[in-house]
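First up is the structure itself, then whatever we jot down about it.
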Amino acid sequence: MTKETIRVVICGDEGVGKSSLIVSLTKAEFIPTIQDVLPPISIPRDFSSSPTYSPKNTVLIDTSDSDLIALDHELKSADVIWLVYCDHESYDHVSLFWLPHFRSLGLNIPVILCKNKCDSISNVNANAMVVSENSDDDIDTKVEDEEFIPILMEFKEIDTCIKTSAKTQFDLNQAFYLCQRAITHPISPLFDAMVGELKPLAVMALKRIFLLSDLNQDSYLDDNEILGLQKKCFNKSIDVNELNFIKDLLLDISKHDQEYINRKLYVPGKGITKDGFLVLNKIYAERGRHETTWAILRTFHYTDSLCINDKILHPRLVVPDTSSVELSPKGYRFLVDIFLKFDIDNDGGLNNQELHRLFKCTPGLPKLWTSTNFPFSTVVNNKGCITLQGWLAQWSMTTFLNYSTTTAYLVYFGFQEDARLALQVTKPRKMRRRSGKLYRSNINDRKVFNCFVIGKPCCGKSSLLEAFLGRSFSEEYSPTIKPRIAVNSLELKGGKQYYLILQELGEQEYAILENKDKLKECDVICLTYDSSDPESFSYLVSLLDKFTHLQDLPLVFVASKADLDKQQQRCQIQPDELADELFVNHPLHISSRWLSSLNELFIKITEAALDPGKNTPGLPEETAAKDVDYRQTALIFGSTVGFVALCSFTLMKLFKSSKFSK
């Protein structure tokens, strides 16, 4: 509930006691003589007996049926209507005029129907709506009145009905609370009174909450899990007697209610089933205790439309233009725990059934994953099941490419804190200058790097990606149409671990390479050619000529298929010559059959991302003294000028002082 102010418009025939209700409610006493129509009255939160359920302010709007224009104006700005009648004539007018009039205005707001002037009622009797407060401050509401039932059946916009008396103060606070509750805890999204069932969206939300609360994945909520859910949602323990009452109630329903006679709602020694959890919340809705259900739903960030709050799924994160987003230690820890929780057979991999259970409380696999052939975009075991290493690598890639997807799925998985705590933003990329050229500075705070693998078709790019994931070489050639991704972790000297993303661009290669914004996501470009194909290297030369801005990025030349006979390239310049001309390393000769050469390449790519200056074209080696951060140079120069100016000013003052003393 995000509304801070609720507007309650009080309607009804002349003489039913609308103004008296307002005065008696606010003054706590009955005043016989008052004006016909009261001005709007604002009631603060602390007036309510249940401040947790109340908005910041509730405005009561008194109306008169003699001025329909003013009445309609107020109705159109109302959040809830308090419709009052007091006798047979005004009761008939409710269904013959008032409710049809609301419909004619196109209003889609709840109506609280109130029978006023019930002065003879001193307590709730069998003919009135029973309203009582139990030990948990929940409201149990039941309509048992011959007047109310027919009108409730005909007009679904009526939220509930109540009898009041302005003269004796009977149920005034309760009526006011029901007006608030119709907005703060609406019944309509949860329960379909016409069929007597929870609505589909409510069922979906409650099923997801059950799955997240079933910590041991046994399909039952045992006493400890119920206690945990109770503390999480209501910040207090559940009474043993109340818990036993719930169990007995569910057992009784499953034995005697024909609808549930063959369905287990509670199993002694195991706990409440998913069906039992749904039935319990259905009972809350039927008895007017849907505040309980809403408390559960809102703890899990559901809005009034029963979707998870978008601000929770996609929190705003300030990311500078040259920064990237990675998982924090807390994020990695949570994802490790999720993996271990759903690895039921403890074989170190998530099979299809385990993945299905894991993603059951989400909308399904992320779109990024389905478009990149998950799980074969990362490390899988010999059964094709994603390993923990592959799981963490996949989420590292997802966070780097689209952190908003990660925050959403963290919430879906049940991450309890602000999803931003599971992420960390790297420092903005600094630029340095050497030989008049700007290039990227060294990196020391990142663990995830992105590499575009480009080259002529059939030069071995796909085999390179497969080898990166530890898969054996295949002789079968399959051209890459859509972009492909491979992500894995690797360890450099010193034991520091990094995640490397290799992207093969497919038919989108030209479009991506000419998109300078897309290239900002790229840390290294791996220029691959087939050393056994004399026509292969010319493709790279033409790319570098066409997209000259590629030379602003670190480049790594790779000569693939080195196990085959090396061919002279039919090109105006040979690979080694071009590398020398660009001041980058000579091509690294690799083969999918030589594992050591592949490992050397992946380490080389990562090192190029960490130290861009050694691999960016057009940067001849210079002494460290000449290769400095251009911002630092400006700072040092400015400091020097300032120091000289200060010394000059001091000397002038000393000179003038000396001259004056003479």
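Placed from the backbone N, Cα and C atoms, the Cβ positions cover glycine too.
These come from Swiss-Prot:
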type	residues	note
BINDING	D214, N216, D218, Y220, E225	Ca(2+) 1 binding site
BINDING	D343, D345, D347, E354	Ca(2+) 2 binding site
BINDING	455-462, 491-495, 560-563	GTP 2 binding site
DOMAIN	3-185	domain 'Miro 1'
DOMAIN	201-236	domain 'EF-hand 1'
DOMAIN	330-365	domain 'EF-hand 2'
DOMAIN	446-611	domain 'Miro 2'
TOPO_DOM	1-634	topological domain 'Cytoplasmic'
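Overlay of Swiss-Prot feature records on the structure.
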| residue | record | Cβ neighbours (10 Å) |
| --- | --- | --- |
| D214 | Ca(2+) 1 binding site | 19 |
| N216 | Ca(2+) 1 binding site | 12 |
| E225 | Ca(2+) 1 binding site | 18 |
| D345 | Ca(2+) 2 binding site | 11 |
| D347 | Ca(2+) 2 binding site | 13 |
| E354 | Ca(2+) 2 binding site | 20 |
| G455 | GTP 2 binding site | 24 |
| C458 | GTP 2 binding site | 14 |
| K461 | GTP 2 binding site | 26 |
| L492 | GTP 2 binding site | 13 |
Folded-back contacts onto the domain 'EF-hand 2' (330-365), same chain, C-beta under 8 angstroms, at least six residues removed: 208, 211-212, 215, 217, 374-375, 380-381, 383, 385-388, 391-392, 395, 399, 406, 409-410, 412-415, 417, 421-423
Fewest Cβ neighbours within 10 Å, where candidates are the binding-site residues D218, D343: D218
Residue pair D343 (Ca(2+) 2 binding site), N216 (Ca(2+) 1 binding site) - Cα distance, angstrom, rounded: 12
Cα distance (Å, whole number) from D347 (Ca(2+) 2 binding site) to G495 (GTP 2 binding site): 26
Secondary structure tally of the domain 'EF-hand 1' (201-236) (DSSP, helix then strand then coil): 25 helix, 1 strand, 10 coil
Secondary structure content, the domain 'EF-hand 2' (330-365) (per DSSP, counts of residues): 23 helix, 2 strand, 11 coil
Between A562 (GTP 2 binding site) and D345 (Ca(2+) 2 binding site), the C-alpha gap once rounded to whole angstrom: 42
Environment of D214, N216, D218, Y220, E225, the listed Ca(2+) 1 site - residues of the same chain whose CB lies within 8 A of the CB centroid: S213, L215, Q217, S219, L221, D222, G271
Using Cα positions only, nearest of the binding-site residues to E225 (Ca(2+) 1 binding site) (D347, G455, C458, L492): D347
Fewest-neighbour residue among binding-site residues, criterion Cβ within 10 Å, set Y220, G495, A562: G495
Proximal residue to D347 (Ca(2+) 2 binding site) among binding-site residues D218, K461, L492 (C-alpha distance): D218
Local backbone state of G455 (GTP 2 binding site), from DSSP in three classes: strand
Secondary structure at G495 (GTP 2 binding site), reduced by DSSP to three states: coil
Integer mean pLDDT for the topological domain 'Cytoplasmic' (1-634): 89
Cβ-centroid neighbours of Ca(2+) 2 site D343, D345, D347, E354, 8 Å, sequence order: F342, I344, N346, G348, G349, L350, N351, C385
D345 (Ca(2+) 2 binding site) versus L492 (GTP 2 binding site) - Cα distance in angstrom: 32
